[in-house]
Amino acid sequence: MLYSTSNSFSLHFRSKIAVPDVLEAAKDADVLVFVIPHQFIKNICKPLVGQLKPTAVGISLIKGFDIAEGGGIALISKIICDFVHVPMSVLMGANLAGEVADEKFCETTIGCRDPAVGRMYRDLIQTDYFRVVVVDDVEAVEVCGALKNIVATGAGFIDGLGFGDNTKAAVIRLGLMEMIKFCEVFYPGSKLGTFFESCGVADLITTCYGGRNRRVAEAFVKTGKTIEELEKEMLNGQKLQGPQTAEEVNYMLKNKGMEDRFPLFSSIHRICKGEIPPADMVNCIRNHPEHMCTFDKEHTTVTGNHD
């Protein structure tokens, strides 16, 4: 339960905090925190419909998308909001769970439209070792958290192929460019500055060097096993977010005839599905359209081809 004392907030937990029934756990909550694999979110939300406090607010730490009707994809925070009708915020950042648990310093980003609620989340979550920055660019924060897992999968392919940090840096840079373009195309109004918060470039770098998507993707190349086999062996059957998110994104790009505009995302998806060999990653980054530059008449500036 959440208590407010003047301008600060504190948490009070009952002695029994593990509640297996989702409705029992959530019905009297002031703040709902959603942290589950994104493929289970609808089943979690269904029992909560019409059962929550009218003043409740929610925050999602879930990374990924869901397939939507009409050939598109939907943000997880929107799915939650559509089910339970509570204002939703999101939290994303360079926050590897083990390091957070060990209280090693890190930053995170909260996307929240309501300044008062954003301050509440910051006061509630921030500690000396876990620093919070609140921005109002909610969609871009959430999209960053999903797309970085695709790029990290590509970084793992590069590691498995035996290339060095220079090549991985190219994957990270081109991945960041496609993340930015994705928001420009599908979430117009997103702010470029959001990509320089912890949810953007920081989380991207961390995941491309330290996350399990990278680790399993490296093993995918080295062992020749399928993603599904490696999930069973390395993750105890848990699902990787990178390949699944790549499939969801590719579903929309293919339906909209836009695969060529996001060649890195498309190549990573096709490698995961066994449609092309992992070695084609190198051809993808070598021939990426971000490398196609034109000089203006005075030869004083260089403009990347973003068409």
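Glycine residues also receive a Cβ, built from the backbone N, Cα and C atoms like all the rest.
Listed features, source TrEMBL:
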DOMAIN    18-116  domain 'Glycerol-3-phosphate dehydrogenase NAD-dependent N-terminal'
BINDING   Phe40, Ala97, Arg212, Lys239, Gln241  NAD(+) binding site
BINDING   Lys63, Arg212, Asn213  substrate binding site
DOMAIN    137-282  domain 'Glycerol-3-phosphate dehydrogenase NAD-dependent C-terminal'
ACT_SITE  Lys148  active site, proton acceptor
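This view paints the features noted in TrEMBL onto the structure.
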| residue | record | DSSP class |
| --- | --- | --- |
| Phe40 | NAD(+) binding site | helix |
| Lys63 | substrate binding site | coil |
| Ala97 | NAD(+) binding site | helix |
| Lys148 | active site, proton acceptor | helix |
| Arg212 | NAD(+) binding site | helix |
| Lys239 | NAD(+) binding site | coil |
Pairwise Cα distance for Lys239 (NAD(+) binding site)/Asn213 (substrate binding site) [Å, integer]: 10
Listed binding-site residues Phe40, Lys63, Ala97, Arg212, filtered to Cα within 10 Å of the residue listed as 'active site, proton acceptor': Lys63
Lys63 (substrate binding site) and Arg212 (NAD(+) binding site), distance between Cα atoms, whole Å: 14
8 Å Cβ shell about Lys63, Arg212, Asn213 centroid, substrate site members excluded: Asn149, Ala152, Thr207, Gly211, Leu240, Gln241, Gly242
Nearest of the binding-site residues (Phe40, Ala97, Gln241) to Asn213 (substrate binding site), judged by Cα-Cα distance: Gln241
In sequence order, the binding-site residues (Phe40, Ala97, Gln241) whose C-alpha falls within 10 A of Lys63 (substrate binding site): Gln241
Predicted model, mean pLDDT over the domain 'Glycerol-3-phosphate dehydrogenase NAD-dependent C-terminal' (137-282): 97
Residue with minimal Cβ packing [other Cβ atoms within 10 Å] among the recorded positions Lys148, Arg212, Lys239: Lys239
Which of Lys63, Ala97, Asn213, Gln241, the listed binding-site residues, has fewest other Cβ atoms within 10 Å: Ala97
